[in-house]
Structures are given as structure tokens and as C-alpha cells.
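Undergrad: Residues or ranges marked as active site, proton acceptor in TrEMBL: Glu1188. Marked as [2Fe-2S] cluster 1 binding site by TrEMBL: Cys20. For Cys60, Cys63, Cys95, Cys97, the entry in TrEMBL reads [2Fe-2S] cluster 2 binding site. Taken from TrEMBL, the feature FAD binding site covers 202-209, 292-296, Asp305, Arg367. Residues or ranges marked as Mo-molybdopterin binding site in TrEMBL: Gln696, Phe727, Arg839, Ala1006. Per TrEMBL, the feature substrate binding site maps to Phe841. Per TrEMBL, domain 'FAD-binding PCMH-type' is recorded for 174-359.
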Amino acid sequence: MVSRYRPVTKTITHYAANACLLPICQLHGAAITTVEGIGSTKTRVHPVQERIAKAHGSQCGFCTPGMVMSMYALLRNTPQPSMDDIAEALAGNLCRCTGYRPIIDGCRTFCQVQSSSIQHEAAITISSISSTDYCWNSLFDKDQFQPLDPTQELIFPPELILTSQTPRPEPLTFQGERMTWVSPGSMDQLVQLRSRHPGAPLVMGNTNIGPDIKFKGIIHPLIISPTRVTELFETTQTPEGVWVGAGSSLSEVRTLLENLVPQYPPEKTELFRALIKQLGNLGSQQIRNVASLGGNIVSAYPNSDLNPVLAAGRCKLSVVSSGGKREVPLNQDFFVNFGKTILKPHEIVVSVFIPFTRKGEFVGAFRQAPRKESSFATVTTGMRVFFSEGSRVVQDISIYYGGMGPTTVSAVKTCAAIVTRQWDDETLGRAYEVLLEELVLPPSAPGGKVEFRRSLTLSLLFKFNLEVLHKLRHMKKKIIISQTPLPQSVSQEQNSQDPVGRPIMHRSALSQATGEAVYCDDLPRTDGELFLALVTSSRAHAKIIQLDVSEALKVPGVVDVITAKDIPGRKVRTMCGYDEELLAGSEVSCIGQMVCGVVADTRAHAKRGAAAVKISYEDLPEPIFTIEEAIEKSSFFEPRRRIERGNVTEAFKSVDQIYEGEHRMGGQEHFYMETQSMLVVPVGEEREFNIYVSTQWPAATQEAVAQTLGIPSNRVTCHVKRMGGAFGGKVTKTSILASVTSVAVTNRPVRCILERGEDMLITGGRHPVVGKYKVGFMNDGRIIAADIQFYTNAGNTIDESVLVIEKILLHMDNAYNIPHLRGSGAACRTNLPSNTAFRGFGVPQSLMFVENMITDVSMVLGLPADKIREINMYRGPSVTHYKYQFNPENLLRCWDQCKAKSTFSSRRTAVDQFNQQNQWKKRGMSIIPIKYGIAFGEGFLNQAAALVHIYKDGSVLVTHGGTEMGQGIHTKVQQVASRELHIPTSKVYISETGTNTVPNTCPSAASFGTDANGMAVKNACQTLYQRLEPIRKKNPKGLWESWVTAAFFEKISLSATGFHRGPDLYMDWEAMEGQPYAYFTYGACFSEVELDCLSGDYRTLRTDIVVDIGRSVNPSVDIGQVEGAFMQGLGLYTLEELKFSPSGLLYTRGPSQYKIPAVCDVPLSFNVYLLPDSYNPHAIYSSKGIGEPVVFLGSSVFYAIKDAVAAARSQSGLAGPFPLDSPATADKACLASASHFTQKVRVGGSVGRWAGLWVGL
């Protein structure tokens, strides 16, 4: 949080900001408060920290400090916020673990109106659960929270107030290694500096220059920061409007306009209100708090949110230079080219004039973006129309668009077609035709989505038309999130100290909320430590002709450059019979493949050195990027898999109907909050190394590093304290990165922390899939036969791609008993970065195709999709297509309860009625089941070990093979040890996962971590408790501590290992039968959406999830896993889109291009239910694995969107199956809706395979 004293108003302002955008040079005179400064577990935890932690809003914890500080800054300004305030404050924060619901639940306790009143005022629904069925109505007790006392907050430093009141006109100068930062103290100094250095950028909020420096490596020898020039922040009101200082932040501009609106008649503030609306969606609050109005204008981005509105509203700029002052109108002549305006290099924008509107004048502002908040717009527009008094004749009109060319563009011809004419359907109909011809994008236009963008120009004009004519009522944005009930009771006979089955807070939540939790890159820098920066290939398929490192070695601070030749041991990693080079030697097979690494004394020097490495290539012919190309050239990783039940070919001859379809599903980036991180420290003798690493599989990293260095594994110790998220992306990839880092180690430690863009480029993600299916069915909806072919884009190396294919085929039946079922799968070898494990491991892809097939059958027959699903579900004692016997009773219970909880039938009626009454908005709904196999199909991985020590003071140290990545495994293991040793959880401590304490661990994956490691810890604790039995019998009324002390004096070992030998699972692919899973986790999910057919934007109105997880060890942790997995699935199926260039370069390499779900994407009503009376004899305490299954249930939102699109299509006379590929982004949903606006748009020529390409398809 940044706090500043404003001498003019004599007030102190507090605001949250992104630390990465705040240069230290710019913080002169500011007070900075970090998460460590507001509270600590060692002193006093702040109420914000406490409530987020105890509301279970912290899982991996990497994002928690940011959440805390955003909320803290809000409370410093608004001690009793509304839910809208909270939603806005958190809009700029991302979380990949929790699904946001618990974070908001914790924050909403600060609202002045508490839950019973909020239920009416903010429409927050709380599931009505009978207290006789459930033991708690909430997962936390808000009455136990400490109150917020604003008088106890940190004061603003008085010395900074005194400093700011003392005039200091001299410029401040900060000299860096390659840059100089100058902050002038007056306008005259600024004008002189600008005159002498016209090419030097002016930096106010650093939201433009900062990313250019960080990500593009652009160097500016001189930067001018005029933050102390008071004229840039002055506001002046005139009879015609208001002059706003160009240095004012966007948040300040919004507040100013909001304060002015009630002071004037509505007809005078049309432009003000349009700007307020646009500012509410521009970036996030943290960005708006620092970004300046003038900077936003002169950056002249083609998809600017503000410039079209300012231009349409007849605004103007006041600029100054050494030649004097002048006023410049913001019109079509102002924007010259991409990032260029008519302003001269030495001119400075001082203020912006925003005029009042007149009676009969209307202003509209619209935008469409990949995500509703914190996202660059696809198309924006500002429109203004002025009517002659007392008529509907248009006297003047302005229409400007962003996102339709290299600059903000004016629809001059369209305006000419409207002006002087009546504002009616005939005039607007003519205007649409002119607009379509006037704003033309070439098929290869940057940004792609040409057809969608052109259709948006029409639909946004139509929206303005509706707004002008009818003051169209928009759906009000609310955060409506239910407090999740706990459908599980704890037996009255259970000891009150026994924590199993209770909603225990994540054991590290408070440390994570206070910033005390240590992640890999938090480890203090040691003397002599070096940093490794990787150099990656810039070609997709080429020979390396020359690797020139000479210039890199000349960079100050660079110590060495490591290449494949420097690897002393194994230079490859072998998986499934294929070798993968750690560093490319003579040939590269994708852009992003690691070639060498630069070692330097600092991160900055290492990055500079990496940029100086020169690689010469000779391109090899015909690189393969898409699945279609791989199929055509038979480029596959072997083996390919096939499975069949019954006789599919013969069955097709006896069905009533046959339908053939195809579906495409894009990939997904893990986007763990903590990127790949490691620190390799030489111990100093006998080639021993300590590796501190963020990995899900410490033993694999240990083994890989040992093989790379040519030393025994007993010389390498891997330490994993915690991970800031993983989701499968830190299983195999991390071992390669750690191996490369270890090669750089001589006698000094080496740290390697990937930047977000590097991580996304190098490490791959979820496999994209193309599937083709042929399905035979009867007219009553019974599916008799199905044949499905799956093709994944594996990338350039095999990784775990064949295993993913296997799991795809094993889950292709989902919940359905299809008598004749055949599936085949192949992993395509391409020249894109290798894809890897991702939460769900192929199941979210597999089931997507099955459910799409079911939906197509329902559309062919004209029957409800839920009825087709019910008709074909497994019932009674059942056998899968791989001959595994199971009982689907709990699957059917989940389905029935989900229908009941969601009031499915009545909502179906309401949705149909809504669609009949609304032309441009449609609602859709769906209900989706899941049957998910738990454990590793490779039987040897189903094992775990543990080591438990009891110390003489009675404290217990537990070590096990599982790694903590936010899923709460340490918390659950702590509960297990507490139960088995009959002691409070406070006596049990888990420090880290280390290969020196528990060897030969298996990966924390496959939703099997607690099943395996919990059993191992249980085994060790039972051994210890049995050893203490003679002591207990001698002193049955003694305390735990006395028993332990007595055992020590009687020479009883207080240390024990535990081991769990899991099920012997297998799959025989020749016989096409086996038992690859220990048991199934079941679930069902209902979702309802509202779709804007004009823009493709949608909102999830409600989601109800029922899951069978047996007897939950920790309901708060498990419900958090359910919600987080659902939101990750929602992103996969509707939002997250990877894009590559024609040469195979990943375009979407960061949060500005790649959008994961944010607070605004959480369902307005979000209810999770755990199936009661469920037991599972195959796992600890009758629980079930839950980490992965619910990812697929996010597809319920996809199918609800498809249902809404079908309603829109039927309105246009279109019926039957239609393609809607995943993710169902706004452009796909809009175009599939087939409104007459989209049908007007025809893209000339072929767009080619690269226009709007998603990964590998």
C-alpha cells in the first residue's frame, strides 16, 4: 500500500498498487506498507490477515499477501465497505487455488451489513440446510474474529508531512547502471528537460514504460518523472466543463467525475457518466491507482478504452512546450499511427478538458474484452448523438472505435449516413451497411478474431441505439456468493480433541497471510550466490550452426555460460523410451527449447548476458505445429492406444440413427502463482548438494540431478517447504530445470527463478485435443454404440503424453453404460513446446468429448440433454469398458441430489420463459456428471513412506513423502497424527519434505497424496502409540508428556517409520482389461448462465455441485479443492486461450494476454454439497481423493453457454447440432449465436490456419 500526503488538500491518501510497476525512484516522499508491516504471528495478526486465513481463503498462499493488502488498503479508506467495494478492490488480484469464494467470504465480514441483511440487500444466497442433517452452517465462526479498530492502524510518518510542506524545487536525480531518473520540481524544469531530451519518456504510473523495460528489454538512458509538478494534478471547473490535470490517476479522475455528477442536471453529465462506466472496467483498481489520464491518452493504444469516448465527447488537451501553450482537439486527426499522435516530441500534456453535454445529447461507452475485468479490450467504442430540440432528427453525431485498426478510428462515413436524418430503424439499418463497408479489417489483422471484431462494431452501435431509445437496463453486477454448508456430521462419540472430519484451518494459512511463509525465492541470498538465466531457441525446427557466447561473457557480472558440453553426467532424460536433451546440442525442435544458461552475480546481469548470446540456425524443412499436420505426416509418439467393448461395427448396423461429429479443445497453462524456482547449494565436500526446489516430486529431482552430475543420489538432498501452486506442472519439468541449474554450480550456490513469460514458454501445459466421434443411438435416446478417436498435441518431447492418452481412453465412458464402445488415442509429435501433466491428466479432455457427443444426440433427437444422460447412465452392479466392476449408486445419488438442490425442473421452465421474452440475451443451463478414477494406473507409484519423531517434551515432528502445494496435505497429515497419537494438533509439526528423511517418494499427484501419505503416517503413529502402551498401562491417568519422558528413560524408541503399500493396479492394453484405479470419486454439477448474444459475454448465475468424497478428513480443505478445481475448469472451457504465431512462438506469455478466472467470473450463487452417508473402504478414514475430479465439472458452464447459444439460434430458425469448440470464448459464443449482425459479416479471402490459432489445433 502506498500512502502520500497531499499538501494542497492537506489529506493523506492510501492506495493499493502493483509492486512490480512501482520504481523505487518514484516513491520519494511516500510511505510504503507491506503485508509484513500490518501484522505478524509473532506479535499481532491484523484482522484482514486473520479473516482470510480462518475463512480458509489461503491454500498455496502465494497470492494471499496481495489479497490481504488490497483489502487492507480498502479498509484504510472505507472501514465499512460494501460488497461492491470488496469486489472492486480484489478485481486486480488473481488466485489459482481457492476459487475466490472463501476469500470473499472472509472479506465480507467487514461489511457494515451482516449476512442476514445482506441476503436481501445484495442478493447473497445461503443454502437452506436443516440443522438436523448438518453440524455446521458455515466453515468458520465470524463471531470469533477480532474486531477492526481503525484507530490502531499505522500512522503516516510526520516527517514526510513536514518534508512535503517544504518547497524543494530542485530536481531529484537517481543514477543507475544504464539509466538516469530525473524528477523535476516545477513546470519550468519539466519543460526545459523535455526540450533538451525530447526522446526521453515521461513516466507517471509506469504502466507502459515499466513493462517495456521488464519484458522487452528496452533501455531508456534518461527517464523523466514529473510526479512533483503540481500543475499536472490541478482541476479547474468552467461553465463549459472541467479541466483535469493530465497527471491525475485514473482512480482520481473517476472519483472526481462521480463527485461532479450529482452536482449538475443529468443532461449535462452524459459524458461524465460514460467515462465513469468505462473507467470502472479499465484495468484493475491497482492499475487505475497509478496510471495517469494523460499517459493513457498519449500512449495511443489502438484498443484504448478512454480515447474513443474522449474523442466522441469533443474533449481537448492543453499542451505546453518551450514554444508556449496550445490546445489540441481530441479528434480523428489526433491519432496518427500505432502509438503515435500529432503531438510534437517536446510537447507535454498539462490537462484534459471534459465538456458538459447539452440537452438532447447522449453519450455511450461500450467495450468487449476476453475477461470482464482487468483485461485489454477486444473492441471499444465511444458514441455521441445530439438531437435537434424537440425532435428525433440527428443534428450531430460522433462514433469512434478502438480495436479496429492501428489507431482509434472515427466512423466518419457512418456518421454522415445518420446526421440530419431521423433516428429510426431505417436510418440505423443504412448505417450498419455503411459501417460494415467503412471499417474493414484484413484477414491477417493483428489480434485475429476479424469476423468477431467486425460484428462487434455493428452490435455495439445497436446497443447504443437501444440505450438511446429505451435506456436499456443492464444487469447489475453483484458478487453473490453463498456460504458453503458442511454436509457432514461428526459422531457425537468422537473425542472433542480428534480433529479428523472437522473444518480445520490450513496449518500455514496465518503465516501465508502475514507474509512469513517461506517460498523458494524467499530464501535469503548467501555470499557469492549466482543467478542462472536460460537462453532458449528462437526457431521451431532447426540445426544449431553456431553458439556464440563471447559477447555474453563481456557483460559485467557474468561468470560463465553453460552448454550441453558442460554436463558431466547424463545429458538426456529418458521417458517412455524417448530421450529428451537437457540442453539442445546440435538441433532444436521447438521455440522455447533450452540451449544454454548464463550465470552471473545478479538476476539483471544474467538476463543481460542471456540477451547477448548469439545463436546461428539452419532451418529444417516442414515444421509440424497442428494436430492435422501431425496426422497427415504420421508424426506420433508410440505406442498408440486402442480399447473396445462389444462389437461397435456390428452395433452400428442395428441402431435407428447415426451421427458423426468433431470437437476441438485448446490447451491450458498451469499458471501456478509461483513460477519454477530452485536454489542449488554446494555443501563443500564430497560433491554434496542441497537443493531447495518447488517440485511435486522431490525424489525425481534428486535422481535427475545426481544422474546429470554423475554422482550417487545420496549426495543430493532435495528440500521442499511448500509450493505456490503446481497443478501437475512441477512433476517432470522441474527435474530438468534443476538438473541444468546444478550444472552451473561450482563452489558457489546458483539460483534459478523463471519469469512468468519464460515459464509459460518453456514448460508447456495441458494437452490440446481434437476428437472425432461416430455415435449410434435409438430414437428414445439410448446410445448403443460409439467410436471416438482422440488426438493430442504432445509437443516436441514425449513427457507423459502416452500416459495422458491412456487415461483419456480409460475415462471415455464417463457415467454412461454404452454397450458397444471403441476408442483410439494418439499423441502427436509436433514442433511446439512439450505438454505435460495437468490437474485431471487427460480426463477433462476425454469427458468433454463424451459430453459433447451426448449433447449432439439430444439435439438430433430434440430431447433434453439431461434426459439423454439419465437414460444412458450406469445403474446397478456395473462393469466399465475395461472390465472393472463397480457400484454406481453414489453417482446416481449425486445426480439426483444435484437436480434437487438446483431445483432443476423449475429453473428449466424459468430459463425457457426468459428466452421467450428476451431477444438479445439468452439463458442456458446444464447438468453434468463425473466418474473419476483415483490413484496411479502404474501400480508401483501407489506407495508412500513417513518418518515420525517424538521428542522428550512431547512435541512431534512428522515427515512424509507428500509435498504441500496448497492442497492441504500437511494439514490433513497433521490431523491424522493427532488422531492416532491422541494429542492436539498443536503438538504436531511438519517442517518440510526432504529426500534425506523419506527416500524414494512418489509424486504428489493423481489425487492420491493424502490416501497414500496419510496411511503411511498413520502406520508410523500406530507403531509409536503401541510402543507407549506399557507406559500408559502403568500410568493410565498420566499426561502425554509424562508418558514420553518415561518411555525415554525406559529406552523405548520414540522414532518410527511408516509405510503404505497401495493397491496393485494395472492395465493390460493387449487384453483391453485391468484395474487401473482403486476407486471412483463421483459428482454432478448444475450451472446456469446468461449470455449477451450481441457481444458473447456471459455471466454464470448459479452453480450447484454435489460431490461424493466419502468421509472428508477436512471439509474446509476439501470444499476449497472443489471450488478451486471448478474455477480452473471454468477457465479451461470458457476463458483460457493459448495462441501461437505462424512460426510456433507462444504469443500468450503473461497475465495481460492469457486470462485465468478472476473474482468477476465466480458464479453469482455458488453452492457446494458433500454427499452424506458415503463411505470408502479403500482410503484413509473412508475419505476420497478430490484434488482433480471437479476440474471437469467446470464444463457445466460451457454446456450452459451452448444451451443459451442454441436458444439464440432457434430464434433465427436454426436447429440441430452445431460446432462450439472449447474454450467457448466470447467471440465463439457470439458468432455461434448467429444473430443477423454476425450473419452480415463476411471475411473476404481465407483467414489461413494462423488467424486466431489456439494451441496446437
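The backbone N, Cα and C atoms fix where each Cβ goes, glycine too.
Just so you know, TrEMBL annotations are computer predictions that nobody has curated.
Help me see these features in their spatial surroundings.
TA: In this view, Cys20 ([2Fe-2S] cluster 1 binding site) is surrounded by 10 other Cβ atoms within 10 Å of its Cβ, with every protein chain counted.
Around the Cβ of Cys63 ([2Fe-2S] cluster 2 binding site), the number of neighbouring Cβ atoms within 10 Å comes to 24.
Spatially close to Met204 (FAD binding site) yet at least six residues away along the chain are Ser225, Pro226, Thr227, Leu232, Gly247, Val290, Ala291, Ser292, Gly294, Gly295, judged by Cβ distances under 8 angstroms.
Annotation for Phe727 (Mo-molybdopterin binding site): same-chain Cβ neighbours under 8 Å, separated by at least 6 residues, are Arg96, His670, Tyr672, Phe838, Arg839, Met965, Gln1128.
Within the same chain, the residues at least 6 positions away from Phe841 (substrate binding site) whose Cβ sits under 8 Å from its Cβ are Gly728, Glu800, Leu803, Val804, Lys807, Ala1005, Ala1006, Glu1188, listed in sequence order.
For the domain 'FAD-binding PCMH-type' (174-359), the model gives a mean pLDDT of 94.
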Undergrad: By CA-CA distance, flag whichever of Cys20, Cys60, Cys63, Cys95, Cys97 among the binding-site residues is nearest to Asn296 (FAD binding site).
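TA: For Asn296 (FAD binding site), the spatially nearest of the binding-site residues is Cys20.
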Undergrad: With the Mo-molybdopterin site defined by Gln696, Phe727, Arg839, Ala1006, which remaining residues of that chain have Cβ atoms positioned within 8 Å of the Cβ centroid?
TA: Ala726, Gly728, Gly729, Val731, Ala837, Phe838, Phe841, Met965, Pro1003, Ser1004, Ala1005, Gly1187, Glu1188
Undergrad: I want to check the contact list for Cys95 ([2Fe-2S] cluster 2 binding site): same chain, sequence separation of six or more, C-beta distance under 8 angstroms. What comes out?
TA: Cys63, Met67, Ile103, Met673
Undergrad: Around the recorded [2Fe-2S] cluster 2 site, report the further residues of that chain (criterion: Cβ within 8 Å of the mean position of the Cβ atoms of Cys60, Cys63, Cys95, Cys97; site residues excluded), sequence-ordered.
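TA: Apart from the listed residues, the neighbours are Ser58, Gln59, Gly61, Phe62, Thr64, Arg96, Thr98, Met673, Gly724, Gly725, Gly966, Gly1124.
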Undergrad: Going by Cα-Cα distance, which of the binding-site residues (Cys20, Leu202, Asn206, Arg367, Gln696) sits nearest to Cys97 ([2Fe-2S] cluster 2 binding site)?
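TA: Closest recorded candidate to Cys97 ([2Fe-2S] cluster 2 binding site) by Cα: Gln696.
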Undergrad: Does Cys60 ([2Fe-2S] cluster 2 binding site) have same-chain partners at least 6 apart in sequence with Cβ under 8 Å from its own Cβ, and which are they?
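TA: Residues satisfying the criterion: Arg96, Cys97, Tyr672, Met673, Glu674, Arg722, Met723, Gly724, Gly725, Met965, Gly966.
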Undergrad: May I ask which of the binding-site residues Cys20, Leu202, Asn206, Asn208, Arg367 is closest to Gln696 (Mo-molybdopterin binding site) if we compare their C-alpha atoms?
TA: Cys20
Undergrad: If we count other C-beta atoms within 10 Å, could you say which of the binding-site residues Asn206, Asn208, Ser292, Asn296, Gln696 has the fewest?
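TA: Comparing Cβ neighbour counts within 10 Å for the binding-site residues Asn206, Asn208, Ser292, Asn296, Gln696 gives Asn208.
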Undergrad: By CA distance, which of the binding-site residues (Leu202, Asn206, Asn208, Arg367) lies nearest to Cys20 ([2Fe-2S] cluster 1 binding site)?
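TA: Checking each of Leu202, Asn206, Asn208, Arg367 against Cys20 ([2Fe-2S] cluster 1 binding site), the shortest Cα distance is to Asn206.
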Undergrad: Per residue, counting other C-beta atoms within 10 angstroms of the C-beta, which of the binding-site residues Leu202, Ala1006 reaches the highest number?
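TA: Counting every other Cβ within 10 Å of each candidate, the maximum falls on Ala1006.
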Undergrad: Please work out the number of neighbouring Cβ atoms within 10 Å of the Cβ of Cys97 ([2Fe-2S] cluster 2 binding site), leaving out its own Cβ.
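TA: There are 31 such Cβ atoms around Cys97 ([2Fe-2S] cluster 2 binding site).
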